[in-house]
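Pulled from TrEMBL, these are the features on record:
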| type | residues | note |
| --- | --- | --- |
| DOMAIN | 67-168 | domain 'Cyclin-like' |
| DOMAIN | 177-292 | domain 'Cyclin C-terminal' |
| DOMAIN | 181-265 | domain 'Cyclin-like' |
| REGION | 294-341 | region 'Disordered' |
| COMPBIAS | 320-341 | compositional bias 'Basic and acidic residues' |
| REGION | 375-480 | region 'Disordered' |
| COMPBIAS | 379-390 | compositional bias 'Low complexity' |
| COMPBIAS | 416-428 | compositional bias 'Basic residues' |
| COMPBIAS | 429-439 | compositional bias 'Basic and acidic residues' |
| COMPBIAS | 440-450 | compositional bias 'Basic residues' |
| COMPBIAS | 451-465 | compositional bias 'Basic and acidic residues' |
| COMPBIAS | 466-480 | compositional bias 'Basic residues' |
Amino acid sequence: MSVGVLSPHMNTPANSQGILIGDKVYSEVFLAIDSSIIPEESLSSTPSMLDGLDHETETNLRILGCELIQSAGILLRLPQVAMATGQVLFQRFFYSKSFIKHSFEIFAMACVNLASKIEESPRRVRDVINVFHHLKQGKGKKITPLVLDQNYINTKNQVIKAERRVLKELGFCVHVKHPHKIIVMYLQVLECEKNQMLVQTAWNYMNDALRTNVFVRFEPETIACACIHLAARVLQIPLPSKPHWYLVFGATKEDIREICISTMKLYSREKPNSEQLEKQVEKRKVALEEARLKAKGQNPSGTPALAAIGGFSPASKPSSPREVKIEEKSPNSKLVKESENRQLFPKSPLNGDILYLCNRLRFKIDLFFLRRSHSGTYSSQSSRSPSPRQLKGHRASPVTQLRTERDRQSESSRNSNKRRRSRSRSRSNSRERGRERDYVKHKHDRSHHWDHRERDRDRPHDQGRSKHQSRSHSGRRHRR
């Protein structure tokens, strides 16, 4: 980016009107400090005024945003050049965008973050958000630390996006020429650089003028002359007036007067209240949203608005419910419904998928209720299938035929499962009975075997005893 106007022989095409690319003519890209000066037409009708915000409220918002940037820069220990750059970027951005559609606090944070990078004194986004959170609490109140929750993450993302938005709207033309050095240079020419009070007062007036729009309306040399002139008038220090000294540096009397009036008005204004300003902006935002919805023919809630109450009439219903049942049961009604669906939903892959999913869901619901009815949760009438006589005069649709076939298959599978279970149970019962019989027989055999063994043991003893008795009887006989 060049400072000043490009000369005709530098980087200029052969065609003075521009470069022909295709069927369109494109002019050259011209970036200079003069392009940052906003014309009077844009100053009179800003985007905020077009959205319905009054001039006084917009001025208070600009002053409040610049004060926040200045205070945050002091707490972040930024150089004065970085704070001045942030305020100028803030003023430039809101001459291209509205305060109604963009939060001035978020964009003030973005301007501080961007200015610290431009002036080679970068600060973290977290530090910028912490400082603004501290300033928002105010003095004399209990200071609470910033909680690192989802709101903090959202604010951080908004600040990063706002910084990109500022760069995009300004066309990456973020160079700012400050009059700080120019004031010192002009006082050296006037041989007043040793007067520290004059230098400091002119410097202070220039820093206060950053809250106004003079930095987007006038050249930095003119602003430096106006600050020196105002400081000399307040301190009653005489400066050359025949002719006026600022004419040497290309400034005019009207410009000096306008800058001095704009700067002095700051000291007679009341301090802007951030809460009241936010309420006014929110009120205007709601009014704009309602007007936008009304233009679209919708209510503020998002529902479509009716042109007239008498024009709305619900669809007429048939006289008797029997006709409705007949229409639903007849196959012709199904064809009519399909034709209506085709008219409502034209042929497209998305609509076809939706209809397929609806039919699939309806089939699953019907199948679920049929299974419940077969399981016996409902009454006998609902689970009872229609007789062949009832179905004789009524021709079933393919879907119902498919359902009945599936129901029969499921019922046959259930019956076969029941038979298998009954067979397996009978087999298991017969096996158990056979085992019991074997066990009883085995037990009986064992008991019988033990009885025989006991008898065999007792037999020799009894025989010996009988022999002994017979012998004793025979001896007695012989003795006799």
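Just so it is clear, glycine is given a Cβ too, placed from its N, Cα and C backbone atoms.
Owing to the predicted nature of the structure, the values given are computational and were not obtained by experimental measurement.
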Helix, strand and coil residues within the domain 'Cyclin-like' (181-265) as assigned by DSSP: 60 helix, 2 strand, 23 coil
PLDDT averaged over the residues of the domain 'Cyclin-like' (181-265): 91
The domain 'Cyclin-like' (67-168), counted residue by residue under DSSP: helix, strand, coil: 70 helix, 0 strand, 32 coil
